[in-house]
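Novice: Residues or ranges marked as domain 'G-protein coupled receptors family 1 profile' by TrEMBL: 41-290. The transmembrane segment annotation in TrEMBL covers 25-48, 60-78, 98-120, 140-158, 200-226, 238-261, 273-290, 310-328.
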Amino acid sequence: MNWINESVPQEFILLGFSDRPWLELPLFVMFLFSYILTIFGNLTIILVSHLDFKLHTPMYFFLSNLSLLDLCYTTSTVPQMLVNIRNTRKVISYGGCVAQLFIFLALGSTECLLLAVMSFDRFVAICRPLHYSVLMHQRLCLQLAAASWISGFSNSALQSTWTLQMPLCGHREVDHFFCEVPALLKLSCVDTTANEAELFFISVLFLLIPVTLVLISYAFIVQAVLRIQSAEGRRKAFGTCGSHLIVVSLFYGTATSMYLQPPSPSSKDRGKMVSLFYGIIAPMLNPLIYTLRNKEVKEAFKRLAARTKCLLSLLTSLQVALFFVITIENYCKLPQRKFP
């Protein structure tokens with residue numbers, strides 16, 4: 001359906017919870033705190049995965065991709081939300097809304113696929129441990145990650161184009177915190193049934209199919225783990241997969257309730273809260289889940305901290321030595337006093 005939009009507004013008004021001004025300060029504090037934790041946690045995961053040689057494995061390669069994705073994911077929306085909460089005019093330019101729509105949708109679609117790829121990696125690691133290094137070679141990991149990113153951005157290009165082609169007839173009040181497809185479709189002054197059907201179909205492809213693959217992978221994983229004789233081996237295997245399974249449940253559960261449930265008047269505020277959860281809270285929790293439950297990451301943190309401490313000690317020693325050298329050099333340059 002190709003609509004010519006002749007009434008494109010210069011800016012949109014993001015309503016959020018503007019009808020409840022008493023929520024603005026708590027929301028500002030919560031968003032700011034979550035954003036700081038998200039930036040710090042995901043940057044730490046990326047640095048540790050790249051600096052520690054023992055973490056140069058497919059699992060942590062995909063985890064680094066997830067952390068980078070979450071960093072960009074939250075940065076595309078949270079700064080604008082913080083600005084709007086503290087301002088009386090809660091607006092975003094048309095170009096900014098288009099960019100936000102495209103990036104948020106692209107990264108969300110990419111995460112749907114990347115989590116399924118990570119579950120496949122865990123399936124190979126536990127069910128085919130002797131062939132893991134052969135099957136999950138570097139080239140395949142790069143191809144799987146690239147396919148997730150390219151598919152996510154391709155999906156976003158299609159959905160964003162379809163959404164932005166809908167005529168708005170001067171409507172510019174978005175009942176949301178940021179520009180998202182369901183919220184923008186509500187602004188259209190024509191029938192959006194076809195667009196909603198397209199959105200539902202693509203959501204099935206990017207949500208239900210990956211979830212099904214994840215469930216199949218974990219069904220085989222559970223069978224393989226239960227066949228392990230030692231309790232320590234079972235505990236280690238479940239611990240390795242537990243973090244990923246929690247992240248999968250948080251993301252897919254909230255995203256599915258947002259995109260695959262039929263809209264209803266009573267779900268307006270619920271949709272906002274669900275979007276905030278998978279757009280802000282989940283990216284903040286991901287690094288905490290992986291670091292608190294993963295022994296390898298904890299040990300990598302300790303090794304990195306020890307190396308940092310040694311480096312700081314070396315730098316301090318060099319500064320002290322340099323100070324003495326400069327002091328002695330300056331002393332030697334002083335004019336010698338002549339005694340009678």
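Using the three backbone atoms N, Cα and C, a Cβ is placed for every residue, glycine included.
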Novice: Against which stretches of its own chain does the transmembrane segment (98-120) lie, if we need a Cβ under 8 Å and a gap of at least six residues from its ends?
Specialist: 59, 62-63, 65-66, 69-70, 72-73, 76-77, 80, 92, 144-145, 147-149, 151-153, 155-157, 159-160, 163-164, 178-181, 184, 206-207, 210-211, 213-214, 217-218, 244, 247-248, 251-252, 255, 278-279
Novice: Are the transmembrane segment (25-48) and the transmembrane segment (273-290) close enough to be called in contact, which here means at least 3 C-beta pairs under 8 A that are separated by 6 or more residues?
Specialist: yes
Novice: Near the transmembrane segment (60-78), which residues from the same chain, at least 6 beyond its ends, have a CB less than 8 A from one of its CBs?
Specialist: 31, 34-35, 38-39, 41-43, 45-46, 49-50, 99-100, 103-104, 107-108, 110-111, 114-115, 117-118, 121, 141, 144-145, 148-149, 177-178, 247, 279-280, 282-284, 286-287, 290
Novice: Who are the chain neighbours of the transmembrane segment (238-261) in space, where the CB to CB distance is under 8 Å and they lie at least 6 residues beyond its ends?
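Specialist: Apart from its flanks, the transmembrane segment (238-261) reaches 59, 66, 108, 111-112, 115, 118-119, 122, 125-126, 182, 199-200, 203-204, 207-208, 210-211, 214, 218, 221, 225, 267, 271, 274-275, 277-278, 282, 285-286, 289-290, 293-295.
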